[in-house]
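Note sheet for the following structure.
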Amino acid sequence: MTEEGSTRLQFIAAFSATIAYLIGGTFLGWPSPSIPKLLAADSHIALTADEGSWVAALASFGMLFAPLPTGYLVDVLGRKPTLAFTALPFLASWLMVTFARSAAELYASRVLAGLALGMAFTVGPVYMGEIAEDRVRGAVGTVFQVMINLGTLFEYSVGPYVSYAHLGMASMVFPVLFLLSFVWMPETPYFLLSKNRREAAEKSLMRLRGKKTPESVKEELDLMQMAVEMQAKEKGSFRDLIGSWGNMKALMIVLGLMVTQHFSGIIPMLSFVTIIFLKSGSSIDANISAIIFGVVQLVISIVSSGLVDKAGRRPLLLVSAAGCAISLTVEGLYFYLAQHYIEYTASIDWLPITCLLVYIITYTLGLGPLPWAIAGEVFPNNVKGVAVAVVSMVNAICGFVATKLFQVIGDRKGSFLAFWIFAGCSVVGTVFIALFLPETKGKSLLQITEEMNARAPVHLNKNKADENSNEKHVTRF
């Protein structure tokens, strides 16, 4: 008789792990209510606009240094200890933010926060993917974006109504909660098997599957053992990533999506949404507008999670990028009128919040979650770790540049130009998606990888390294 089992601990462990993502959301949302306070004349630090943009941008810069050391730590220390460790720099960063007395201290705190964010964003998917069984992996994976948006909404909702210091203290609760809850969760069976600790892996798998006898998990554990042994033999390098037509094509597609994602302006919008509404001159309170923005983002991230496998990746990304382009174009037009023909804006002061709501709805439908989902589909397993590290570093650079660019252009030429530049990038992204992104809906990972290798240039198609690394390895999916 087959033992029934339970998925309860899998969901508890996933929820506990994604508190790290909620913390990430608090750091992304914190600048919106806090920078206006720091720019005020009576601020205890009194930042300039340029310094404020550095504070917002340096979190992305800190993420640049996370992927490579994190990739080493997850294989040496384990998935669980590496993810749990991020609670310490998260907590230290909030302490530095709360008690900072200079711009330099804020800079250091944000770089540290970015490093912790990058670590959590790198190891989190690995931990979640290795604890969840196939039938619940999709549901577990949808929690990521929801928790980030929940953390952002917390900052938007609480920040305007408490002091600067009290917001920092309130935000410290989450790293403590994360550490106290996650320390009780199991290590992944995959990691334990990779360290030849089969008995510990067996106990971990029994806990995660809610089963009481070793026999009930033996078949799954044996499959995991085979996967671990195969991965150890076939682990790819950076040379394997760039030496194959299929891998290079996949890398270019994912990097194109990441560039489109960030240069649609998402980090500046999240970081400066309150300032944007203040500058718009709208009669709607800027703080209330920011809260509405955060609520809509959270709700759409929840309700849209089921659309991916129904509508497909490509249509959602096309609608998303085009929607961002249109909404940012109109937003820029409003700010152009407000700067040069202010008399025309009195009757349309509802337009800024409307455009940004359309923006965040369309962004959350596609450009938000799907680039990372596609990154998990188009790379063979033997180079996936290297590919994700490269993509993560490019991602961090783009986020940093886009955030700083928004302030520099806004101060020198006007916010309208920054919106139009991001709109133009979204148009280019829409064309890129239409021309180069294949649809992966309903296809096996083997089919996807074979399509990546199709129509290769002759000089690459004949390379035996291509055939070996992209036809042999993909069967391990």
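Placement of Cβ uses the backbone N, Cα and C atoms for every residue, glycine included.
Lifted from TrEMBL, the feature list:
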DOMAIN    9-441  domain 'Major facilitator superfamily (MFS) profile'
TRANSMEM  12-32  transmembrane segment
TRANSMEM  52-74  transmembrane segment
TRANSMEM  81-100  transmembrane segment
TRANSMEM  106-127  transmembrane segment
TRANSMEM  139-158  transmembrane segment
TRANSMEM  164-185  transmembrane segment
TRANSMEM  250-278  transmembrane segment
TRANSMEM  284-304  transmembrane segment
TRANSMEM  316-338  transmembrane segment
TRANSMEM  350-374  transmembrane segment
TRANSMEM  386-410  transmembrane segment
TRANSMEM  416-437  transmembrane segment
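52-74 is the stretch from 12-32, 52-74, 139-158, 284-304, 416-437 with the greatest number of Cβ pairs below 8 Å to the transmembrane segment (106-127). Ranked by number of Cβ pairs under 8 Å to the transmembrane segment (12-32), the listed stretches 81-100, 316-338, 350-374, 416-437 are led by 81-100. Counting Cβ pairs closer than 8 Å and at least 6 residues apart in sequence, the transmembrane segment (81-100) and the transmembrane segment (250-278) reach fewer than three and form no contact. Tallying C-beta pairs under 8 angstroms between the transmembrane segment (386-410) and each of 52-74, 139-158, 284-304, 316-338, 350-374 places 52-74 first. Confidence for the domain 'Major facilitator superfamily (MFS) profile' (9-441), expressed as mean pLDDT, is 90. Using a Cβ-Cβ cut-off under 8 Å and counting only residues 6 or more beyond its ends in the same chain, the transmembrane segment (139-158) has close neighbours at 10-11, 14-15, 18-19, 21-30, 32-34, 124-125, 128-129, 132, 167, 170-171, 174, 270, 273-274, 287, 290-291, 293-295, 297-298, 301-302, 305, 364, 368-369, 373.
Contact between the transmembrane segment (284-304) and the transmembrane segment (350-374) is supported by 3 or more Cβ pairs under 8 Å, counting only residues 6 or more apart in sequence.
Tallying C-beta pairs under 8 angstroms between the transmembrane segment (416-437) and each of 52-74, 250-278, 350-374 places 250-278 first.
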